[in-house]
Amino acid sequence: MGNSHSSENGGNSGSGGGSGGGGSGYSGVSENMIIDLEGRYHIDYKNRNYKKLKPQMFSTFFEHYEIVQADSLINSDFIKNKTVKKNRDNSSNNNSNNNSNNNNNNNTLNNSTIITTTTTTTTTSTPTTTIMITPPQQQQQQRTSLDLTNRDISESSTPNEQQIRLAQEETENQEIVESSFLKSSPVPSPSSSVLKSFESDFQLNTDLTTETFDDNSAEKKRQQQQQQQQNEDSKQSSQQQTQKSKDKDESAKIVNNKSSSTTNIKPILAAAQTSRSTSIPAFNRNKTKEPTKQKIKKEHSTLRKNSLSSSNIITPNNTTNTNAKDGASYFNENSLMSVKSDIKIFSLDLSINRLENITNDILSIMARFEIQELTLSTNFFQIIPDLQLVKSLTTVNLTRNKLSKLQTSVFIELPSLTSLILDRNFISSIPDDIDQIKNLKYLSIKHNALEYLPNSLSNLSQLISLDLSQNKLKTLPPNFDDLINLRMVWLSYNQITSLPSMRKLVNLVTFDISSNKLLSLPKDFAYLVPSRIKQSYSDIDIDEYDENINTCNNINSNNNDSNNSNNNNNNNNDNNNNCNKNNILEMINSTELEGGGLGCLKELNIRDNRELISLPVEYKQVESLMTLVTSIPSEIIPGIFLGGLDSANNAPILQTLGITHILLAIGDCEPFFPKTFKYYSIDDARDAPQYDISQHFEQTNCFIESGRKSGGVLVHCRAGISRSSTLVISYLMKYQRMTFKQAMDLVQSKRPQIQPNPGFKDQLLKYEAKLFCTNILNISSHNSNNKNNNSSNNRKSINNRKSNNIIITINNSSNSNNNNSTDNSNNSSTSTTPNLSSLSSDSSSSASLSKLSISK
């Protein structure tokens with residue numbers, strides 16, 4: 001669980017502790033990293049391969065923690081590749097501290113320091129240093145002895161002096177080597193003991209003092225005995241020096257002084273060696289004996305200021321202690337209370353591990369952290385843990401576990417629980433006391449084995465979202481509409497055959513009951529959108545709406561040449577306008593009476609209910625005001641249907657609607673029922689603006705027309721939005737003589753979700769211009785043919801000079817006028833045809849007048 005520290009990122013700047021090496025210089029995962037998610041603190045233990053949670057995993061946060069912004073992390077797990085801009089400053093500070101420590105170690109002979117540092121060469125992988133507190137008497141004796149040795153060494157030149165100098169150089173070289181090793185060596189690995197982490201802490205933090213607890217009396221006695229032996233040795237050496245100086249003559253003082261210096265150095269070196277072997281191995285002896293309990297005293301204010309200025313590491317007041325039995329850090333009640341007032345954790349993620357249970361110790365720590373969101377998904381829980389100990393929980397996620405029962409007793413004791421997610425388990429039933437979770441708002445138990453729902457589920461009056469999809473439900477509770485606050489319901493992929501009353505669900509926004517076995521659909525959903533109907537129709541200009549209706553009604557009307565026929569058409573249009581206004585007002589009044597005006601339904605998904613063949617009439621009134629996702633295709637005009645792929649794979653619905661032809665506008669799809677229906681496929685059809693779909697217009701229009709005459713035709717693509725709608729619009733422009741805007745409005749009124757892509761729209765506009773030009777050319781050609789016929793008739797009338805000549809010419813002119821009127825009536829579909837027909841009629845009348853004059 002520890003971290004591997006590298007020297008490049010300031011690896012020796014942190015101190016190990018707890019279950020993993022902490023510190024600010026690292027590039028991997030930190031055990032004490034807290035992610036700041038917009039003011040909400042998050043701990044991520046996701047995908048760590050944990051089989052059991054231990055208290056020391058969380059006790060590291062009692063010692064120190066580091067708050068990291070989410071934008072400084074690269075991946076979404078919040079645990080890798082943290083930015084380490086601050087590590088350079090820390091590494092430089094640590095290097096300066098190490099240099100100052102080395103200088104202090106070299107100058108201990110001249111400085112009157114209380115703390116003495118010594119080094120040893122041990123067999124461990126990391127060098128060790130200790131901080132000892134010496135009594136004042138021993139310090140004075142050491143100072144006097146060291147001063148004597150310095151003077152004697154400077155005055156002497158014997159082989160003993162050279163040995164002493166060599167010994168000092170060796171010790172200095174050892175210090176240099178060890179200090180350089182400290183600079184380049186990483187922090188102890190996670191496999192090393194907790195004692196080594198404290199040793200590295202002593203190496204890097206020289207201001208710390210070490211005290212021993214009263215429990216370790218044996219160690220105290222040993223240290224006292226060592227100090228007494230050192231004091232006795234120093235006293236004996238001083239007495240020998242005084243006696244030798246008094247006994248010898250003045251003539252031999254120099255020689256005696258030299259000899260005394262050598263003899264005086266020996267006990268000093270011996271004392272130094274004893275001090276190395278007795279005082280320092282307090283940590284080395286711990287390899288064979290039990291380690292001593294130690295407590296590190298830290299200045300809270302200074303450390304917090306330094307941490308906030310340099311690295312975002314925050315150190316609480318009380319740090320962890322080392323356990324002498326197992327060598328692991330533990331926490332006490334005081335540290336927990338201090339952490340509780342220091343920081344609060346909003347969410348904890350323990351997903352994608354191998355957890356089977358959570359002990360009460362861990363749950364009590366979670367309670368002290370006041371965790372609100374707990375994620376335990378993708379583990380091996382067979383029984384829900386005792387989460388009632390964490391009273392602050394608001395969200396619990398137990399997705400992808402091995403739960404077979406829903407133990408509501410655990411969640412009833414959580415007063416703040418609002419969201420419960422139990423997806424992808426093996427739960428077969430919901431207990432009757434589910435309504436005791438009073439504040440539950442979001443409940444998701446999808447992809448389980450539920451077969452029925454208790455009636456008490458309807459008592460969850462605060463429930464907003466309910467997801468029970470992908471189960472084995474066949475019915476819903478009869479009082480299901482008592483859940484008056486429901487806004488989103490997902491019941492897809494079940495076996496539901498009928499629905500209860502839904503009239504009270506006035507706050508419902510989304511209802512998904514796709515992929516079931518519905519036999520009928522209640523009309524209650526149509527009455528859950530009356531408020532939107534009122535609002536939408538109150539903003540509609542009825543006269544403007546009537547103009548659009550008139551354009552559709554006048555599609556198949558013929559333009560008569562006489563003024564009487566025009567007046568009759570205007571009268572008929574006025575009657576149609578009055579009827580349309582009355583229909584709109586009747587629809588608004590009917591919805592006001594039946595609906596109540598409180599619904600807000602936006603989407604109803606009834607797709608893939610193969611037994612559901614028809615919809616109630618009420619849904620026709622609101623199909624443009626809500627998104628109705630269904631497998632039933634939309635009927636644009638009688639005999640022409642528009643839909644998606646789900647409409648084409650339901651043979652019973654197609655046969656019920658009388659469809660015989662299917663136009664398939666998908667490049668990578670084969671016909672579903674080639675033996676039952678007649679297909680026309682566009683193999684390379686792509687929903688892309690650069691694709692030229694206009695090259696198929698002439699052929700598809702002929703196929704649609706033949707299918708409409710034979711019974712019905714379905715035009716579909718994958719979603720029934722772009723490709724299929726483009727083909728239907730082109731057909732309406734060609735055979736129903738509509739403009740692009742008229743055809744687009746008509747199709748969109750029948751199927752609101754259609755939307756041809758911009759490239760297809762441009763192609764339809766070009767096709768409109770092409771059709772307009774061809775119509776004009778056809779009209780002009782008809783007029784020229786009529787003129788030729790009139791001139792030939794005039795020549796015949798001139799040659800006939802009989803008494804009834806006038807009557808014959810009048811009859812011929814009347815016949816020609818009748819022929820022109822019938823031809824023009826067949827071609828009068830565009831806005832320009834009335835003018836052209838009038839011109840042709842005028843020309844024919846003038847020709848007849850000329851005939852009359854000529855005959856006279």
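Note that Cβ sites are derived from N, Cα and C of the backbone, with glycine treated the same way.
Taken from Swiss-Prot, the feature region 'Disordered' covers 1-24, 84-195, 214-326, 554-577, 810-856. Marked as compositional bias 'Low complexity' by Swiss-Prot: 1-10, 90-142, 178-195, 224-243, 306-323. Per Swiss-Prot, the feature N-myristoyl glycine maps to G2; the stated evidence is sequence analysis. Sequence annotations record features per position, and here Swiss-Prot assigns compositional bias 'Gly residues' to 11-24. Annotation source Swiss-Prot lists compositional bias 'Polar residues' at 155-165, 254-265, 272-281. Residues annotated as repeat 'LRR 1' in Swiss-Prot: 344-365. Residues annotated as repeat 'LRR 2' in Swiss-Prot: 370-391. Per Swiss-Prot, the feature repeat 'LRR 3' maps to 392-413. Sequence annotations record features per position, and here Swiss-Prot assigns repeat 'LRR 4' to 416-437. Marked as repeat 'LRR 5' by Swiss-Prot: 439-461. Per Swiss-Prot, the feature repeat 'LRR 6' maps to 462-484. What Swiss-Prot lists as repeat 'LRR 7' is 485-506. Taken from Swiss-Prot, the feature repeat 'LRR 8' applies to 507-528. Feature annotation from Swiss-Prot assigns domain 'Tyrosine-protein phosphatase' to 632-773; the stated evidence is sequence analysis. Annotation comment: Swiss-Prot describes C717 as active site, phosphocysteine intermediate, evidence class sequence analysis.
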Next on the checklist: Per DSSP, what is the helix/strand/coil residue tally across the repeat 'LRR 3' (392-413)?
Outcome noted: 5 helix, 3 strand, 14 coil
Checklist entry - How do the residues of the repeat 'LRR 7' (485-506) split into helix, strand and coil according to DSSP? => result 0 helix, 3 strand, 19 coil
Checklist outcome for this item: Residues near the residue listed as 'active site, phosphocysteine intermediate' by Cβ (under 8 Å) yet at least 6 apart in sequence within the same chain, in sequence order, are G644, L645, A665, I666, A685, D687, R723, S724
Checklist outcome for this item: Helix, strand and coil residue totals from DSSP for the compositional bias 'Low complexity' (224-243) stand at 20 helix, 0 strand, 0 coil
Checklist entry - In DSSP terms, helix, strand or coil for C717 (active site, phosphocysteine intermediate)? => result coil
Checklist outcome for this item: Counted with DSSP (H/G/I as helix, E/B as strand, rest coil), the repeat 'LRR 6' (462-484) has 3 helix, 3 strand, 17 coil
